[in-house]
Amino acid sequence: MSDAKAVIKSVDMSEEMQQEAIECSTQALEKYNIEKDIAAHIKREFDRKYGATWHCVVGRNFGSFVTHASVQAILQVMVVVFFGALLAKLGYFNMDKQRWLSKLNLVFFTPCLLFSNIASIISFEKLLAFWPIPVFYFVYAIMNYTTSQVFSRLTGLSPAYRRFVTACVMFSNSNSVPIAIITSLAVSDAVKTLYWTEDDTSEAVAARGVSYTLFFAIFGNLIRWSYGYQLLQKRSDDDTFTIHEDEEVNIKDYQSFTNPSSSASSTSGALTRPQSSSTIHESTGLLLVQKTKKQTTNREEPIWKACVRRIHGFMSPPLYAAVVALTVGLSPLKPLLYDKQSFLYPSLTKAIESCGKAAVPIILSCLGAQLVHIAQSQQPASPEMKRPITLAILLRMVLTPFIVLPLVILFVKYGSAWSTLATDPVFVTMMIVLGCTPTAINLVQITQVNHIFEEEILRMLFWSYGVVCVPVCTLLVFSALTVVDSMF
């Protein structure tokens, strides 16, 4: 019994719980007289009183495993960002080179990444088995779109900043943070809470969690590189929105979202951004002539060419890659590219995968270089910039979890009749995590290529990942484990 007491005392738990564990050990000795059953008896007693997640609180200082996972995921990002900042400091990375590299990434490396991620995962079997995942994604997307539109209008944001808030709230991190969390959970004591069957293993838990995450990311990428890409494009009325109601408005306060390089280098109140058609104050007659000429040209254009032009205007290189990946993944072409015995797998497929692996490091290194550029400008964020950033963070990281949790609980309660995934604790946990992660980092790439919202997205990501992510993710995962423990 003295050995058992020593073991109990060595565990990181309160004195009250230590005393209770010793009493449980004494009861076990009196009842069974077999000391090897002490640990099992203590676990049964503690499971009964504190629930199956008590070991997460006792042995790991409440959520330290989640904090560890979140910190690791963020540090992995920040190390690459630091390298990009260092290159910028040493003079290898000016703004022109950043934009050139971002465009190259957009038209080549990112399409390779999307093709590899989508074509290797998608199949008709998974579409049928994992049908709740796209349903959850589109429910989340509609919910986030609605909340961002309602609150951005209530706070009086301009149409341009409404688009910015909508993009930040709709498109979340669906790779690095969720995968880091589930892989860390799989090697922690909490993994027993996530077992689906009695013969489940930690390896199976991690594999299912990663599969759910990657399948969810497919739909996120499709919408992000279509609708999201359009949201973060510069529009003709963005330059003139401030001069309709009050001629006294300081235009400098609004310059960042249209061209952050001007806000970073400007030393006066003058607006130094490239002129567009919306800022050239020509006569009304000239504008009408140009508009009439454009309409005449459109009428003379064949219908099929007009349709192709409109579709091409909506598409982006990553979206083209996603469409090709869906075509390959859902057709007989998939074995030709992904059968390891195929000739094309080690040559073409692996080459595409290798190119795709460069996409994320390029995005993060450009992010670091942009941070240096902003820091060197020493210009604080204007009030008009702070409002949309604050609103986007509050909606993405604070309001969204209060909507996601009830939706997932309702699916667990009533969805088992339609899908067995409703009975998988890993699926429930990942749907909660995926619905509440911070804003997607690759929005930086879109804003830099389109020359809009560059400084805003940098500040948004800094506060989301550097300040809010760790405490929110810790509470979020503990809430998910509590839901799983109470419903299974």
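From the backbone N, Cα and C atoms, a Cβ is placed for every residue, glycine too.
Note: TrEMBL annotation is automatic and uncurated.
According to TrEMBL, the protein has these features:
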{"type": "TRANSMEM", "residues": "73-92", "note": "transmembrane segment"}
{"type": "TRANSMEM", "residues": "104-124", "note": "transmembrane segment"}
{"type": "TRANSMEM", "residues": "130-152", "note": "transmembrane segment"}
{"type": "TRANSMEM", "residues": "164-186", "note": "transmembrane segment"}
{"type": "TRANSMEM", "residues": "206-227", "note": "transmembrane segment"}
{"type": "REGION", "residues": "256-279", "note": "region 'Disordered'"}
{"type": "COMPBIAS", "residues": "269-279", "note": "compositional bias 'Polar residues'"}
{"type": "TRANSMEM", "residues": "319-338", "note": "transmembrane segment"}
{"type": "TRANSMEM", "residues": "389-414", "note": "transmembrane segment"}
{"type": "TRANSMEM", "residues": "426-449", "note": "transmembrane segment"}
{"type": "TRANSMEM", "residues": "461-484", "note": "transmembrane segment"}
Could you tell me whether the transmembrane segment (389-414) and the transmembrane segment (206-227) are in contact, taking contact to mean 3+ Cβ pairs under 8 Å with a sequence separation of 6 or more? no
At a threshold of under 8 Å on Cβ distances, which of 73-92, 104-124, 426-449, 461-484 pairs most often with the transmembrane segment (130-152)? 426-449
Checking 104-124, 389-414, 461-484 against the transmembrane segment (73-92) for Cβ pairs under 8 Å, the most are found for 461-484
Contact call for the transmembrane segment (164-186) against the transmembrane segment (104-124), three or more Cβ pairs under 8 Å: no
